[in-house]
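Working notes, beginning with the structure itself.
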Amino acid sequence: MPHDSVAPTPPAHTPAPASLRGKRIPVAILGATGAVGQTFVRLLEGHPWFEVTELAASERSAGRPYHEAARWIEGQMPARLREVQVLPCDPAAVRAPIVFSALDSSAAGDVEPAFAAAGRLVFSNAKNYRMAADVPLLIPEVNWSHVALLEKQRMLRGWSGALITNANCSVTVAAMALAPLHQAFGIERVFAATMQAVSGAGYPGVPSLDILGNAIPYIADEEPKIEEEMRKLLGTYGDGAVTHTPLRVSAHANRVAVEHGHTVCLSVGFARRVSPADVSEALRAWRGPDGIVGFLEACPSAPARPIVVTDAPDRPQPRRDVNAGRGMSVVVGRVREDALLDVKLVAMGHNTIRGAAGGSILNAELCVMGAPPVPAGLLAEITGAAAARAS
Ligand SMILES: NC(=O)C1=CN([C@@H]2O[C@H](COP(=O)(O)OP(=O)(O)OC[C@H]3O[C@@H](n4cnc5c(N)ncnc54)[C@H](OP(=O)(O)O)[C@@H]3O)[C@@H](O)[C@H]2O)C=CC1
Ligand SMILES: N[C@@H](CC(=O)OP(=O)(O)O)C(=O)O
């Protein structure tokens, strides 16, 4: 299939924004021992703008060298981090101005606001604050305009830092496929059935005897998250708030014996007559909102194409397509007429890269670039305060 399907590698050496003055920004990873935390470590190793300087996790891991605290899942742990001592998730112990959170939701609720209150720019993967009215829930190509919420958030909460969230991994895959169609034609109804990889359940996750040779038609809390987050992601920003789109969404969430890559089968009903050919054309042309395409092109983690459309009758497949765009592209195929709604299609994307760590890193890259409407001076304020703390 003609797409840029390659294994994840450190990002290309994109020129850094002038504001960095040749220096990389120190970043910390909270929840660094887990499946998403380790994906952050892998993706950030060799990153041209960010340098992982601190790793934090629970009290069970704090004080131990990283190689002892983390059971490394994929490839090799970067040698330079093996002996780094894991810190507790406490802003008094972790100094970096930018914090990537891969925390379990049981910890994220208290820890993430504590870091934002302590002047850090927090990029969260946890579910806790995604639906809060003053918290941006971002997929850059889908709804970057929602980052404008930060202004209100910092004022209302009195935070010198800020909190930005990522969407649930299944809804990320679905929303990337639906956003171009919603913008072009207006979607009224969506039926979504997922087939979700085991890495979505974290480490150690689902017991092997439950999942091998099996499919489990239940993932706790997943279906309401898909339905609600979709309406916020596809909503519009104006006057300091995001208006959720009045889309009717019905989701079925299933766990399958796949390592990485969430597949979502979608049937879509539009406000007007739309053909499969119209859908394919809109998906192929889509790059995201005009205002940020130039910024995205300069981001080391952005894929050349956010959506890769395939005409092959049996794709996308996680094993073959999950690393498209270094895990940052969503692959869409099987676009065809639907007897119940209008058009149906299949979307698949990497759950721990686009659906989690890679998505957060892309959000951070756009903030570093100051891609509008990021509040003016946000990064300078946060890194300046960090420099003052360090001196
Ligand atoms: N896996 C995926 O595809 C996706 C995951 N997410 C979300 O990302 C987050 C991380 O997921 P994942 O990596 O899969 O989960 P894991 O269970 O693999 O990792 C959880 C991490 O949280 C840490 N942690 C747990 N409890 C505490 C605590 N009380 N205080 C501090 N740290 C704690 C763990 O540290 P320790 O090792 O010390 O226990 C570990 O580092 C979750 O919120 C998840 O919902 C979002 C999208 C996709
Ligand atoms: N529930 C997802 C992963 C996840 O952690 O989602 P969330 O961050 O929305 O809880 C899965 O199992 O594949």
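In case you wondered, yes, glycine gets a Cβ from its N, Cα and C as well.
Lifted from TrEMBL, the feature list:
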ACT_SITE  C169  active site, acyl-thioester intermediate
ACT_SITE  H262  active site, proton acceptor
DOMAIN    26-150  domain 'Semialdehyde dehydrogenase NAD-binding'
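When the domain 'Semialdehyde dehydrogenase NAD-binding' (26-150) is classified with DSSP, helix, strand and coil residues number 41 helix, 26 strand, 58 coil. Note: C169 (active site, acyl-thioester intermediate) has non-local neighbours Q196, G200, H262, G349, N351, T352, G355, A356, i.e. same-chain residues 6+ apart with C-beta under 8 A of its own C-beta.
Other C-beta atoms found within 10 angstroms of the C-beta of H262 (active site, proton acceptor) number 31, with every protein chain shown included.
Looking just at the domain 'Semialdehyde dehydrogenase NAD-binding' (26-150), the mean pLDDT is 98.
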